Amino acid sequence: MKFDDILEEINGLGPFQITLLLLFCIPRIVLPCHFLLNNFIAVLPPHHCDFSSLDSGGLFRNLTQEQRLTVSIPARENGAPEACEMFAVPQVQLLANTTNITGLPTVPCQSGWIYDNSSFTSSLAMEADGTSLGFFFQWDLVCDRKSLPKMTATVFFLGVMLGAIAFGYLSDKYGRKSVLLVSYVLSTVMGFASAFANSYVLFSVLRFFTGFSLTGISLISIVLCVEWVDTPHRSFMGVIGSLSWSLGNMLLAVFAYLVDDWRMLILTVTSPLGLAILTWRWIPESARWLLANGRVERAQFYLGKCAKFNKRQASSKFKSEALSNIELLNKQDKNYSYLDLIKTPELRKRTLLTGIVWYGVALTYYGISLNIIGFGLNMYLTQFIYAAIEVPAKLMVYFLLRVIGRKTCQAGTLLVTGTCIAINIFLPKDLWHLRSVVAIIGKGFSEASFTTAFLFTSELYPTVIRQNALGYNNFMSRLGVSMAPLVLLLEDLWSLLPQIIICSVAIFCGISCLLLPETRNASLPESIDDIER
């Protein structure tokens, strides 16, 4: 007897499973808010040198602010003041429009910078004195330090990457539910603590551990949902459950628009985790995991609870003796590790290919998601549209998964994403309307590839090492995510280089995916032998 036989009897998709889905909505809404937080807290506002040091003897007393800028700061070709240079001495002669400014001596900013606070009261790059939770720290991450705010995204995702390994192992060893609580609490503590960081280094360290902690929520919520539904409804659970991510994505744009202080924004997006901690008690442990680890009585308790919630009658299949005979393990006393992912031929092949696919899916998705400037729309609207397009993309995936299968859907969405990026490489920048449409379509398909990957991967691995497998693949995806901010920094070398790299990765990984087996309508494998036969 298989576990799916029991799920079919107690209803593989009923009120019990829907309630589980709803309980995970709150923490999963928090995930995109933190994962894409750098789009707003690391924004670099317009700025120029503080030229107060040039005002000797009241020289600027009778000048307007515009005239002060003219005599103090060199102008760029577009007329805006230079961000990192100022004149060595005031150039009063520039007030005459005919004066040629070529060759006038300049120096780096001597007394700090003045920032445009019209959009943000504060960001990582700057903080207006006395407005950021009472802090008076000014980090000035501009000019030769302008890459540091974006580097915090890489630091965050390095934490996510290592968290994938840790939480994958811990939840397979100690259970999904208990480790989930650890993730909830750590994420809350680290998230709140990062809002009060008084230095860039401390903030980066706390963001690392925030990413590390949030990974447990990301991994365990998916696995619990998949392990509590039967085969015909796995697509529904995976796709509908991921809508909370899109909702969180849209809410991030709203929160960032309403909260213009980066510290307050972090507190705002972290706060819902407090409610998640309160609702944790109602989340069930995975009956699959309990049976796989010989805890039959506890599995019997949760299965009975599921049957009662779904208004089904328990049969003889629910007796301890019957549950003990479920073919979940080859050896009940074997402890599995990440090394088991490469010990057998078919599992080794799947491990290699899914790692490649996950790397490409993540690099592509975040390479697009972290680049919300340059399409002719303001950053809040771009963020919201990028999030909104994910909803029809997920619904499209739900249909495609049932019609063309997991493998074709995974490969196709990656290839279309790469094609959209390639089109925008060749489109002139003055056609920003068309570029925006192509970018939005590409974003939708990149989300579709992400949604497919979560479901496809969970179906490729047996129960005994599924969480380890997801931990490994999450590690590979976060490796891709960690590279995304660094790839975007290559724009300083050549403006098209980031798009070329992301496009190439998407197409290569889409082709690689075609070597994986199809899992549509197949029962979840329970043991390694199930996929090696």
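Backbone N, Cα and C define each Cβ position, glycine as well.
The annotation domain 'Major facilitator superfamily (MFS) profile' is assigned in TrEMBL to 86-520. The transmembrane segment annotation in TrEMBL covers 151-170, 179-202, 208-229, 236-258, 356-377, 383-401, 408-427, 496-516.
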Folded-back contacts onto the transmembrane segment (236-258), same chain, C-beta under 8 angstroms, at least six residues removed: 13, 17, 21, 24-25, 28-33, 36-37, 39-40, 221-222, 225-226, 229, 265, 268-269, 380-381, 383-384, 386-388, 390-391, 394-395, 397-398, 401, 447, 451, 454-455, 458
Quickly jot the same-chain residues contacting the transmembrane segment (408-427) by Cβ under 8 Å, restricted to those at least six beyond its ends, or write none. 357, 360-361, 364, 368, 397, 400-401, 434-435, 438-439, 441-442, 445-446, 448-449, 452-453, 456, 496, 499-500, 502-507, 509-511, 513-514, 516, 518
Could you name the stretch, out of 208-229, 356-377, 383-401, 496-516, with the greatest number of CB pairs under 8 A to the transmembrane segment (151-170)? 208-229
Report, as numbers and ranges, which residues of the same chain sit near the transmembrane segment (356-377): CB under 8 Å and 6 or more residues beyond its ends. 35-36, 38-39, 153, 157, 383, 385-386, 410, 414, 417-418, 421, 429, 432-433, 435-436, 439, 442-443, 446-447, 449-450, 453, 457, 473-474, 476-481, 483-485, 487-488, 498, 502, 505-506, 508-510, 512-513, 516
What is the pLDDT of the domain 'Major facilitator superfamily (MFS) profile' (86-520) when averaged and given as a whole number? 84
